[in-house]
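What TrEMBL records for this protein:
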type: DOMAIN; residues: 13-338; note: domain 'RNA 3'-terminal phosphate cyclase'
type: BINDING; residues: GLN104; note: ATP binding site
type: DOMAIN; residues: 184-286; note: domain 'RNA 3'-terminal phosphate cyclase insert'
type: ACT_SITE; residues: HIS320; note: active site, tele-AMP-histidine intermediate
Amino acid sequence: MDGDRVEIDGGIMEGGGQILRVSTALSCLLGLPLRVRRIRAGRSQPGLRPQHLSGLEIIRDLCDGKLNGGEIGSTEITFTPGKIKGGTHIADTKTAGSVCLLMQVAMPCVLFAASPSELHLKGGTNAEMAPQIDYTVMVFKPIVEKFNFTFNCDIKRRGYYPQGGGEVVVQMSPVKELSPINLTERGTMTKIYGRAFVAGALPIKLAKDMSAAAVRCIRREIRDLYINIQPVREPDDQAVGTGSGIIIVAETSTGCLLAGSSLGKRGKNADKVGIEAAEMLLQNLKHGGTVDDSLQDQLIIFMALAKGVSRVKCGPITLHTQTAIHFAEQLTKAKFTVTKSEEEDPGNDTYIIECQGMGMINSNL
């Protein structure tokens, strides 16, 4: 059997958990046995961290697969997938590891299951180095549903660094196949909205300060657009621990959603958190693309699986996106091309990612 394993070098390109997420999800979908070596080789703590292990375990459970090397700190795993089944599955990082990254690895798989799925994902909902759950619900969800599927995401409890303790329940029904997407027209900006939140021991004043600072920062560039960033205090029975942060979304006439976000932490001024998110949003708006930096790489696996040609216009291609493309091409028959967009002002760094998808068919339906 070992002769037929796909060999993945987990230390190249982005060199992090994303290689594991893309390759194990595709291994599960395509029934390809996999070996990943040099997992997170260049990181300060190489090998599997709790959230990577939870991601591998949920994939294993989704398809009754076999996982070897699944321990914290392990730098090599082998994975042999079985048949994807629906039903209820639980993944718990037991840390503040991101529930959104667990969702990223599981979602493509359950789309091609035999029956509806309910995923109970536990960990951090608003974690560093990962999309916040608010981003997943406000930006990722409406855009990814253009591939012709829907899902429900219920935030039961929010959890923050360091203890986590959040829980999100995702419900999805399987599909026969995914449709391609064409996101190449930005349109004009119609509104900017968002939420600045505090939880636990923090006063609502911090949320108001984050929101006000963000609005002031945006107003310097964008004068006459409606901006509504709601300050909120998360209800105590729906949040574990103390945390704060902000997400700001710009919506356009063609339904594009681009965002900026930032998390508060001890010793970080609330104004700074608001300004960071506003500056990230303005940066994402500058390049003229239809998706922001955080969404680019999350769309790649769906483009690879879809039937037909998908096109997405974006700013400079991130290393995460290059990595996702590399492994999607290595494991599927999908073909990606990235070209500089000509119609833009030449000073703009705008690109078109085009993908001839493999046209994955759900044989269970």
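Even glycines carry a Cβ here, placed using N, Cα and C.
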Mind looking up the mean pLDDT for the domain 'RNA 3'-terminal phosphate cyclase insert' (184-286) in the predicted model?
97
With helix taken as DSSP H, G or I, strand as E or B and everything else coil, how many residues of the domain 'RNA 3'-terminal phosphate cyclase insert' (184-286) land in each class?
36 helix, 37 strand, 30 coil
List the Cα distance (Å, whole number) between HIS320 (active site, tele-AMP-histidine intermediate) and the residue listed as 'ATP binding site'.
13
